[in-house]
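*Asks:* Quick one: the structure is below, and I'll ask about it shortly.
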Amino acid sequence: MAGAGSWLYLTAGLLVVALPQLSHSCPSRCLCFRTTVRCMHLMLESVPAVPPHTTILDLRFNRIKDIQTGAFKHLKNLNTLLLNNNQIKRIPSEAFKDLENLKYLYLYKNEIQSIDRQAFKGLASLEQLYLHFNQIETLEPESFNYLPKLERLFLHNNRITHLVPGTFSQLESMKRLRLDSNALHCDCEILWLADLLKIYSESGNAQAAATCEYPRRLQGRSVSTITPSELNCERPRITSEPQDVDVTFGNTVYFTCRAEGNPKPEIIWLRNNNELSMKDDSRLNLLNDGTLMIQNTKETDQGIYQCMAKNVAGEVKTHEVTLRYYGTPATPTFVIQPQNTEVLVGESVTLECSATGQPHPRVTWTRGDRTPLPSDPRINITPSGGLYIQNVNQDDAGEYTCFATNSVETIHSTAYIIVQAVPQFTVVPQDRNVFEGHTVDFHCEAQGNPKPVIAWTKGGNQLSVDRRHQVLSSGTLRILRVALHDQGQYECQAVNIVGSKSTAAQLIVQTRVTPVFATVPNDMTVEVGTDVQIPCSSQGDPLPIITWNKDGIQVTESGKFHISPHGYLAIRDAGLADQGRYECVARNPIGYSSVSMVLSVLVPEVSRTGDPFVATSIIEAIATVDRAINSTRTHLFDSRPRSPGDLLALFRYPRDPYTVEQARAAEIFERTLQLIQDHVQSGLMVDLNGTSYHYNDLVSPQYLNMIANLSGCATHRRINNCSNMCFHQKYRTHDGTCNNLQHPMWGASLTAFERLLKSVYENGFNLPRGISGRIYNGFPLPLPRLVSTTLIGTHTITPDEQFTHMLMQWGQFLDHDLDSTVVALSQARFSDGQDCSVVCTNDAPCFPIMVPPNDPRVRNNARCMSMVRSSPVCGSGMTSLLMNSVYPREQMNQLTSYIDASNVYGSSDHESNEIRDSASHRGLLKQGIVQRSGKPLLPFATGPPTECMRDENESPIPCFLAGDHRANEQLGLTSMHTLWFREHNRIATELLRLNPHWDGDTIYHETRKIVGAQMQHITYSHWLPKIFGDVGMKMLGEYKSYDPNVNAGILNEFATAAFRFGHTLINPILYRLDEKFEPIPQGHVPLHRAFFSPFRIVNEGGIDPLLRGLIGVAAKMRVTSQLLNTELTEKLFSMAHAVALDLAALNVQRGRDHGIPPYHDFRVFCNLSTVQTFDDLRNEIKNPDVREKLKRLYGSPLNIDLFPALMVEDLIPGSRLGPTLMCLLTTQFRNIRDGDRFWYENPGVFTAAQLTQIKQTSLARVLCDNGDNITKVQHDLFRVAEFPHGYVSCKNIAKMDLRVWQDCCEDCRTRGQFSTFSNHFRGKRSTEHSYKEDNKEPSSLLNQSVNTTCNTEQPKNLPHVNDFKEFVLDMQKTITGLRKQIKKLESRLSNTDCTDETGESHSTKEKWNKDACTKCECYNGHITCFVKSCPPVNCSRPQRIEGVCCPVCTDDKIQST
């Protein structure tokens, strides 16, 4: 016992010793061990203070009733807290704050009745919470919101009857939940718990227990098995809805909302789609019946209100209502602004927009360009102002603007709808079959949003990485120099973020096989009148196409020529005109080969079938032609024009008598042969237009010469004299002769048009295609009027975004400098003198345009539009220039073919004399009345009534007189003529000021030369680049030099079809604008009222309004479906009670009149692909509707007329031309430039300084200098500019400085006399060097004086009469001395030998060495010596050796040896 007592005592002692060490941290009577504090059964009434490092705190079995705030402060390390078996009644908010690491909390077997909302806030690590065996009746919905890691929650054996939805919704880590042994009422409000328990059960991650206590029928049922049908739950339904309210400041607003449902719905109010919080604003009250009461209303209360009724079975909303607040007027402000929104195709989208203001603003929507929304049932505006679009498509993408408008102001906000779409192919690649070495393009384009990226693969694999495979920015795959291994399938993929699409095409590569001739032609000689077949065939892969050329001009299918499928050329009725060199050309995509032969035609001396009828026929032809011409003259000039046909004939009637006589002679010649044909036909009883008749058998060559003499053809041949080189080296002739000294008639006026291809006539000579109803390639040719109405005419006009109407006007003005076809002088048929417009038959010279049945524009049952054929050239149609053979009909160009300002000066001496002011001797052109601006108009034409006086009700003012007879055709053209006539007089006046010693002729010709150069520069440097674009300018090429082998003559195809493309640029209205570029009071002029109306210039403001209209208004864009406006096709030269003409139909008919080959032949000439079907045209005419129209009209692509086909070709990018038209125009303009000896860039035409100044000129400068009062223009008159920003003052437009034309000479007394050009001026009265029209001497005398010196001088000062005797003596002495000198010169000239400076004589052609370095030669009395040039020496001391010209390096040679 003693030992035991000692042990106890020791233990007690140790305890006593240890306790003092822990007394400052361990609560009294508690047991503390390390971090565990146990205070059980101590009757504690509050939580004691414990050490901060405590991890386990056991407070069980005490009498704790309340948990004080901060009771567990600083216990951040606490892991387990045991508070069970106490007397706690309430868990206050944030009772366990700072216990962030607490995992286990025991609160069971207390007396807990309530738990505040945020009681467990801060317990982020809590995993287990035990609250069972308490007296809890309700739980706040946020009680367990802050327990993310809670896995176990025990609430069984409490008094819980209802649970608020969402009570456990935040417990994401829950694994076990116990709610059993509660008095749960299983009604509709507990369905949320049933759903939660089912989720726990299905997932298997958590266990839960909850049973129903009430109603009795469900007692003991697991809550998870309860269904809504068992509880009779009902979704809310609205029984009373709110209405819009208008309120003023301070009033009270009531919004009524009543709803029924099971359980009773909760009423929630929304404002502008946001829930209203009644607690945040004491003015807001929710009454028991759901009514929203707003007291003391303020401006901020206005907006969109909506009531929502909600219970566990669902929710429902009322319609939106508006509270409008009316206080002080206030500008609108946006409550909700639209936002950029992305949407997929096919889905719906809403752009929200609402606004407030006083009064309440009205909300409207537009597209971004302020255009109204389309009327589309898919598009609606919501009651709140939002824009709602259903089933969105790609067109809905773009900018939308919301406008909020009240009486104070309008505000707007913009947003974009971005429609995202899966890529869709717009262009898919086509299978290609090409030859190796060629380049192939696979076109592939797609659309989508975002814009898809194009990628290419071959056979599913990446393309070869080499420079031959290129993917262009457009998506096109280009393979250069195709090789055999490139063959295969190529896939195009279009990819964007929404999706991708793929398509494929095959490439087949063929080996190259160039054409090889299988049959070659040989030279042939045949008799006149026989049919000839020239063999030629070729092989190759692909099969070559055979074409034939005669003397460099391509042969086309016609009544004269036929090319068989094998390539054989058949020539019908061979004549002398057919002999020459023929070339057979075999062409395929790989290359071409050619072979040629010579055809000779013999003319036997035998009589012909028509010889007996020559005499009577020529007499009858002269009588009938003269009768018809005189009848036409009387009809046209003795009265006012009665019809559009009269008007057309009158303004195109030649003014030059020589032209009239030449045309008359040609008509008589052709009429004579026609009469002979008629006589022969009546005897043979055969159809002369048939294939069985041979024209070369008609008349013998000697009779053809007789007909030529009697008709006047031989009489009116021009004999050109180009011997006056003092003139021809410096200036042009008016008629264009002697420009090309090797070929004086090339490019001259009144000569035949040139041709690229042989003419096509039905009979091979003069009968137009389609005139006899013949079938071509299985189809008849359509009526030209039908072509116009079906294909060409348009009411719709698309403005050109780049170029002004001046682009058209310069083209017309230029055309009138290049070509004008001489038409028949008679408007009546030769056979009986009846008017062509009345009889409507194709009897010479009538060629009417027949009107289809039911044409909408025909009046008075008219059957045709009047038209006569172009006059033939003497020597064509029936005869050659030798007058002994039959040649195809050719037409006559009345103008020079050069750009020489002939539209200003005329194309003949007769015309130039009419418009020159010869009386003033100042080199001016005649001028008319002077306007208020101080600037003159053109002079009026004199003579009989003109086309400008067709309507006496408008004005009696006659036509203006200018260099071209068409100057009055329309007001814009007349304005251009006025500009350039003033430009001539302006330059001439300045040149006279600079060179007062020049005479009138010199000033005139120098000015004419400058004006022509200005027009050349404007055309090629400013105008053509707009028409041709970069592609065409490269085809045209740079100017190199004058080429005398280039014929600058105008091509028939150019004048008759190609250059008429300008008709597609014409607007239907001529605009007239004032200084502010606003319409003038008299208004604009419809085009059909602008024809032949000079009175509008005289009486209605001059030329300035018209010029501003040309530079200030866009031209008409050439669109394949919008070609010629109806002012040209329906109202051309319209007059009352008459059928107006149709320009498009005239163009088609004129092409057939001139024998222009079909479009297909020009495709071959221009190296485009041949076509067999209309789909073969798809590369040049992409519009399928246009191709279908062509098919309906022509039946075969081989029949299409040239003019309409050129007009419907798609434009080459950057140009205003299609590919064939580009080919024809570049060919013509290259010839015009390169074949002109006086081209302004040709060295020697102008000095370098003068050329520099000419290149300063511009149409803008001409407009500034010569308009009535134009002060502002754009730099480039051809480009569209916005007024006034795109315009500049005329002061800023570069000028041409004429001072470089000033003579700098010591003795200017005779310099500048027209007869003293350059250093070879002549005396004023020197006949041998006079200008042609001043020279009265016979040409024979002129020819004898060609070697006479051009320089003669007059005495400087004549002596006074008193000194006359001395003067005579001096003159006699001078004459005697001159005679001696002349005799010496004559003796020297008569001797062809030479005498050198030493006096030694040498015979002609003798050569001798004057010294070692000089060799001389005698030739025709002149000695010419040549001095040898020595190379540089490479030694320090070169040596000269006698007899050797050049020094040698002797030292070097010695050293080297």
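Backbone N, Cα and C atoms are what each Cβ position is placed from, and that goes for glycine too.
Keep in mind that this is a model prediction, so the values were computed, not measured.
What Swiss-Prot records for this protein is below:
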type	residues	note
DISULFID	Cys26-Cys32	disulfide bond
DISULFID	Cys30-Cys39	disulfide bond
REPEAT	147-170	repeat 'LRR 5'
DISULFID	Cys186-Cys233	disulfide bond
DISULFID	Cys188-Cys212	disulfide bond
DISULFID	Cys257-Cys307	disulfide bond
DISULFID	Cys353-Cys402	disulfide bond
DOMAIN	423-510	domain 'Ig-like C2-type 3'
DISULFID	Cys444-Cys492	disulfide bond
DOMAIN	515-600	domain 'Ig-like C2-type 4'
DISULFID	Cys536-Cys584	disulfide bond
CARBOHYD	Asn630	N-linked glycosylation site
CARBOHYD	Asn689	N-linked glycosylation site
CARBOHYD	Asn709	N-linked glycosylation site
CARBOHYD	Asn721	N-linked glycosylation site
DISULFID	Cys722-Cys738	disulfide bond
ACT_SITE	His816	active site, proton acceptor
DISULFID	Cys840-Cys864	disulfide bond
DISULFID	Cys1166-Cys1223	disulfide bond
CARBOHYD	Asn1167	N-linked glycosylation site
DISULFID	Cys1264-Cys1290	disulfide bond
CARBOHYD	Asn1269	N-linked glycosylation site
CARBOHYD	Asn1343	N-linked glycosylation site
CARBOHYD	Asn1347	N-linked glycosylation site
DOMAIN	1392-1450	domain 'VWFC'
CARBOHYD	Asn1434	N-linked glycosylation site
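Buried or exposed, and what's around them? Tell me for each listed feature.
*Replies:* Secondary structure at Cys39 (disulfide bond), as computed by DSSP, is coil.
Look at the repeat 'LRR 5' (147-170): DSSP puts its residues at 0 helix, 3 strand, 21 coil.
Counting only same-chain residues at least 6 apart in sequence, those with a Cβ under 8 Å from the Cβ of Cys233 (disulfide bond) are Cys188, Leu191, Asn262, Pro263, Asn311, Val312, Ala313.
When Cβ atoms from all protein chains are considered, those within 10 Å of Cys212 (disulfide bond) total 23, not counting its own.
Annotation note: Cys307 (disulfide bond) sits in a strand segment as assigned by DSSP. Long-range Cβ neighbours of Cys307 (disulfide bond) (same chain, at least 6 residues apart, Cβ-Cβ under 8 Å): Ile238, Glu241, Pro242, Phe255, Cys257, Ala259, Ile267, Ile268, Trp269, Leu270, Gly290, Leu292, Lys317, Thr318.
In sequence order, Phe334, Ile336, Gln337, Pro338, Val363, Trp365, Ser384, Gly385, Gly386, Leu387, Cys402, Ala404, Ser413 constitute the residues six or more apart from Cys353 (disulfide bond) in its chain with CB-CB distances below 8 Å.
Across the domain 'Ig-like C2-type 3' (423-510), the prediction's mean pLDDT works out to 91.
According to DSSP, Cys492 (disulfide bond) is assigned to a strand segment.
Remark: secondary structure over the domain 'Ig-like C2-type 4' (515-600) totals 3 helix, 50 strand, 33 coil, with classes taken from DSSP.
Cys536 (disulfide bond) is surrounded by 26 other CB atoms, counting those within 10 A of its CB over all protein chains shown.
Secondary structure at Asn630 (N-linked glycosylation site), as computed by DSSP, is helix. Within the same chain, no residue at least 6 positions away in sequence has its Cβ under 8 Å from that of Asn630 (N-linked glycosylation site).
Other Cβ atoms within 10 Å of the Cβ of Asn709 (N-linked glycosylation site) number 13 in total over all chains.
When secondary structure is read from DSSP and collapsed to three states, Asn721 (N-linked glycosylation site) falls in the coil class.
Look at Cys738 (disulfide bond): DSSP puts it in coil.
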*Asks:* Compare the C-alpha of Cys492 (disulfide bond) with the C-alpha of each of the recorded positions Cys212, Asn721, His816, Cys864, Asn1167, and give the closest one.
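*Replies:* So, spelling it out, the nearest of the recorded positions is Asn1167.
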*Asks:* What same-chain residues lie close to the repeat 'LRR 5' (147-170): Cβ under 8 Å, and 6 or more beyond its ends?
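*Replies:* Counting only partners 6 or more residues beyond its ends, the repeat 'LRR 5' (147-170) has Cβ contacts under 8 Å with 108, 120, 123-141, 176-185, 189-190, 192-193, 196, 209, 213-214, 312.
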*Asks:* Sort the residues of the domain 'Ig-like C2-type 3' (423-510) into helix, strand and coil with DSSP and give the three counts.
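*Replies:* DSSP composition of the domain 'Ig-like C2-type 3' (423-510): 3 helix, 50 strand, 35 coil.
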*Asks:* Under a three-state reduction of DSSP output, how is Asn1269 (N-linked glycosylation site) classified: helix, strand, or coil?
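*Replies:* Coil, per DSSP.
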*Asks:* To the nearest Å, how far is the Cα of Cys444 (disulfide bond) from the Cα of Cys722 (disulfide bond)?
*Replies:* 62
*Asks:* Is it possible to get the count of other C-beta atoms within 10 angstroms of the C-beta of Cys32 (disulfide bond)?
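*Replies:* Cys32 (disulfide bond) is surrounded by 16 other Cβ atoms within 10 Å.
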*Asks:* Roughly how many angstrom lie between the C-alpha atoms of Cys722 (disulfide bond) and Cys584 (disulfide bond)?
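*Replies:* Cα of Cys722 (disulfide bond) to Cα of Cys584 (disulfide bond) measures 38 Å after rounding.
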*Asks:* Tell me, which disulfide-bonded residues from Cys32, Cys1166, Cys1223 are within 10 Å of Cys39 (disulfide bond) if we use the C-alpha atoms?
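*Replies:* If one measures from the Cα of Cys39 (disulfide bond), the disulfide-bonded residues that come within 10 Å are Cys32.
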*Asks:* Between Cys26 (disulfide bond) and Cys840 (disulfide bond), find the distance joining the two CA atoms and give it rounded to the nearest Å.
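*Replies:* The separation of the Cα atoms works out to 134 Å.
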*Asks:* Where does Cys353 (disulfide bond) sit in DSSP terms: helix, strand, or coil?
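*Replies:* Coil, per DSSP.
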*Asks:* Using His816 (active site, proton acceptor) as the reference point, find which of the recorded positions Cys212, Asn709, Cys840, Cys1166, Asn1167 has the shortest Cα-to-Cα distance to it.
*Replies:* Cys1166
*Asks:* Mind checking which of Asn721, Asn1269, Asn1434 has the fewest other CB atoms within 10 A of its CB? They're the glycosylation sites.
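*Replies:* Minimum Cβ neighbour count within 10 Å, taken over the glycosylation sites Asn721, Asn1269, Asn1434, occurs at Asn1434.
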*Asks:* Cβ distance under 8 Å to Cys1290 (disulfide bond), same chain, sequence separation 6 or more: which residues?
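*Replies:* Listed in sequence order: Ala1260, Arg1261, Cys1264, Ile1270, Thr1271, Lys1272, Val1273.
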*Asks:* Can you count the other CB atoms that lie within 10 A of the CB of His816 (active site, proton acceptor)?
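*Replies:* Total other Cβ atoms inside 10 Å, all chains included: 23.
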